[in-house]
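Please read the structure below before turning to the comments.
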Protein chains: 2
Amino acid sequence: MTRQLGSGKLVIATHNAGKLKEIAALLEPYGLDCISAGALGLAEPAETGTTFVENALLKARAAAEASGLPALADDSGMSAVALDGRPGVYTADWAERQWFEGDPGRDWFMAMGKVEGMIAAKGPDAPRDAWFSCVLAIAWPDGDYAVYEGRCDGQLTWPPRGNLGFGYDPVFVPNGYEQTFAELQPSQKQAISHRSDAFAKLTADQFGSS
Amino acid sequence: MTRQLGSGKLVIATHNAGKLKEIAALLEPYGLDCISAGALGLAEPAETGTTFVENALLKARAAAEASGLPALADDSGMSAVALDGRPGVYTADWAERQWFEGDPGRDWFMAMGKVEGMIAAKGPDAPRDAWFSCVLAIAWPDGDYAVYEGRCDGQLTWPPRGNLGFGYDPVFVPNGYEQTFAELQPSQKQAISHRSDAFAKLTADQFGSS
């Protein structure tokens with residue numbers, strides 16, 4: 001049986017204020033007091049893993065070891081069948097651009113273009129299937145851990161469509177829909193997203209509810 | 001011998017005010033009175049050619065036939081050796097995106113990503129050589145024409161660098177330079193650009209000067 005968090009303090013291993021707020025809102029109903037790794041002054045470990053599970057675990061473990069508290073981390077990304085699962089853990093790396101020195105911003109349209117170019121190079125019959133993954137990892141200071149993996153399958157379209165969402169959303173059409181993630185309303189996307197799927201698995205296992 | 005424009009009216013087959021201004025400034029010293037195709041109410045023909053020369057000529061011819069005056073048109077783009085010359089005449093098409101319905105904007109970083117993805121798919125040893133082309137075509141109402149082709153050779157770099165210039169400039173390092181076209185000052189770029197090369201050939205041939 002999976003180790004249970006119970007109630008009390010939980011470190012959220014993110015320096016992203018928006019992500020902390022979203023996760024805290026989901027977990028506070030279960031009596032968890034969420035604190036960000038950034039607020040504790042913890043360093044962000046390098047994401048050296050080759051899978052989402054490895055990256056989520058190394059972030060959760062680093063935060064649990066440094067804080068002495070249970071810690072939750074996530075890792076997520078998009079994988080294309082024609083590219084043997086890439087960009088995968090390199091989802092954000094492919095969007096890194098050096099617009100000018102000292103400004104390593106992200107450009108998601110550049111990243112979408114790279115994905116499209118790599119698939120296009122394989123010819124018109126290359127599969128357009130892709131999936132979004134979200135892995136949530138909980139690590140305890142004694143080394144115990146739990147992992148929950150969410151997934152959303154779909155097809156890559158071109159050119160990008162829609163101005164909602166984030167990342168590769170404008171090229172991803174979830175199965176059963178005609179719109180891209182960037183054309184769907186946030187509530188529609190949330191109902192089927194990889195992130196919701198992972199959180200549903202976590203709360204079902206940890207708190208006996210979805 | 002090439003037909004000479006002499007002095008008088010010349011239709012510039014562009015609906016782009018910036019391009020008209022730039023071309024007019026270059027040609028007015030030679031006694032040419034430049035008028036834009038847009039100001040004459042001429043329609044823009046579809047660029048159905050498969051080469052820069054075809055596209056420049058079809059634009060110049062359409063404007064010359066419709067106006068009864070000599071007309072100048074240009075077509076330009078970037079060609080990658082590893083992609084057998086693509087995007088080439090599709091240079092701008094690769095940047096077309098449907099951000100949301102009714103907004104067919106251009107995103108050059110998306111286009112740069114697509115080029116990079118197609119080259120990356122060919123493996124780490126794929127050639128990074130590329131060239132920019134600019135073709136200037138003059139057409140007379142009687143069907144005569146002249147064509148001038150400018151070129152600038154270089155290498156494609158990744159990720160994009162620099163915030164000057166236009167189009168694929170942030171990934172194009174001209175031969176003999178370390179900076180991309182988007183890192184070079186406009187005067188440096190102008191000294192070596194495909195467009196300057198084409199205009200130098202035109203003015204040398206038409207007016208006996210460069």
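Cβ atoms here come from the backbone N, Cα and C positions, even for glycine.
Quick caveat, the model's predicted, so the values are computed rather than measured.
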Additional site residue, B:SER67, B:SER76 [criterion: listed by TrEMBL with B:THR14, B:HIS15, B:ASN16, B:ALA17, B:GLY18, B:LYS19, B:PHE166, B:GLY167, B:TYR168, B:ASP169, B:LYS189, B:HIS194, B:ARG195 for substrate]: B:SER76
Among B:GLY18, B:GLY167, the most crowded of the binding-site residues [Cβ within 10 Å]: B:GLY167
Least surrounded among the binding-site residues, given as B:THR14, B:ASN16, B:SER76, when other CB atoms within 10 Å are counted: B:ASN16
Largest separation between Cα atoms (Å) of residues that the record links to substrate, namely B:THR14, B:HIS15, B:ASN16, B:ALA17, B:GLY18, B:LYS19, B:SER76, B:PHE166, B:GLY167, B:TYR168, B:ASP169, B:LYS189, B:HIS194, B:ARG195: 24
All-chain count of other Cβ atoms within 10 Å of B:ASP75 (active site, proton acceptor): 24
